[in-house]
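Notes to accompany the following structure.
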Amino acid sequence: MQTQLNNILKQKGFLQLTRENEQSIEKQPPITTTKNTSIQLLDTGVLLVEPSDYNGTDLVISSGVHGNETAPIEIVDKLVEKIINEKLTVSSRVLFIIGNPVAMNQSQRFDVENMNRLFNGKHQDKDHHEAKRAERLEHYVSEFYNTRASSGSVSGTDSVTRLHYDLHTAIRPSKYKKFAIYPFPDGKPWDKSQLEFFLSSDINTILLGHQPAGTFSYFTSHQFNAHGFTVELGKVKPFGENDPQDFTHITRNLERLIEGKPVDTKTFDNQDFNLFQVKHELLKQSESFKLNISQDVENFTSFEQGYQLTDDADGGYQVEATGEAIVFPNENVPVGQRAGLVVVKTRL
Ligand SMILES: [Zn+2]
């Protein structure tokens, strides 16, 4: 059985193996490449890669936390394929994740509950599979960041760089096609070198997080001091309909991180970016809540001062200053939950 699963991984790939085992997989013995890179399935959709010559970077690349966001899953699948086929020389430790295989097999964003609200312990006291899966993913990530490479110490330094890119695609189109969400940094300064990495990855729109959250990327940045980010790479499409050309830059830069090669960056300059901060959270206060925008309005669409953006039992939200924009509008959330964010441009 064990050899079989590793054979499926090698022959059919990480995505297909995950598809065929949506609930779980027992931890498998590692496969070792001719370059002594160890590749080990820890669970379904969770794959640990450890090089023989470790450069001190611990990199988590996650996808499919929302099951229907297929482009990131395909990116992860291709990176794993290149590693298995020894087309990439691995220098970083890498944990690859396909987050929600059950929802993926249903072509759904989620089965019971949005998993990207369930991290950082918010899965506690919940019994459904997304809560259990979030808990397991937290466990694997904790082990990953807390374990030093078995293959030896980092040459010349004790410091380890922890990175986490949680790759997504968005439900609706965006005025800025790709953007990253920088989780609330808990008082730490915003790291401009990370923003330089995004610019080099063809992502120049950044939304700065304003408070703790149940997202996967806030979990890694808060708990492990990782540079963790939610990365939105465009619009949701079914498997097979994504154009790899749309993801050339981010894929190339992830490959460079895996290989330990430098990423071409340019010194941070506000002018190169659209930086947004959150001004207001649109909380759905009652069943009479209504968003006064059309179904297909793009993320980051801005409004004139005085525009009645929402109606609700408490009077709703009226735009206070021209230029306020909306992100992640979604009326169909339970009362008490966030139905969108009002954001404004900022500088660092
Ligand atoms: Zn998503």
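Every residue, even glycine, has its Cβ placed from backbone N, Cα and C.
Copied from TrEMBL, the annotated features are:
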type	residues	note
DOMAIN	56-258	domain 'Succinylglutamate desuccinylase/Aspartoacylase catalytic'
BINDING	H66, E69, H168	Zn(2+) binding site
ACT_SITE	E232	active site
DOMAIN	272-345	domain 'AstE/AspA barrel-sandwich hybrid'
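Structure coloured by features recorded in TrEMBL.
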residue: H66; record: Zn(2+) binding site; CB count, 10 Å: 24
residue: E69; record: Zn(2+) binding site; CB count, 10 Å: 26
residue: H168; record: Zn(2+) binding site; CB count, 10 Å: 26
residue: E232; record: active site; CB count, 10 Å: 26
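Straight-line distance linking the Cα atoms of H168 (Zn(2+) binding site) and E232 (active site), rounded to a whole number, equals 5 Å. Closeness to ligand 1 is met by H66, E69, H168, these being the recorded positions among H66, E69, H168, E232 whose Cβ falls under 6 Å from the molecule. The two recorded residues, E232 (active site) and H66 (Zn(2+) binding site), have Cα atoms 12 Å apart.
In the three-state DSSP assignment, the secondary structure recorded for E69 (Zn(2+) binding site) is coil. Across the domain 'AstE/AspA barrel-sandwich hybrid' (272-345), the DSSP tally of helix, strand and coil residues reads 1 helix, 30 strand, 43 coil.
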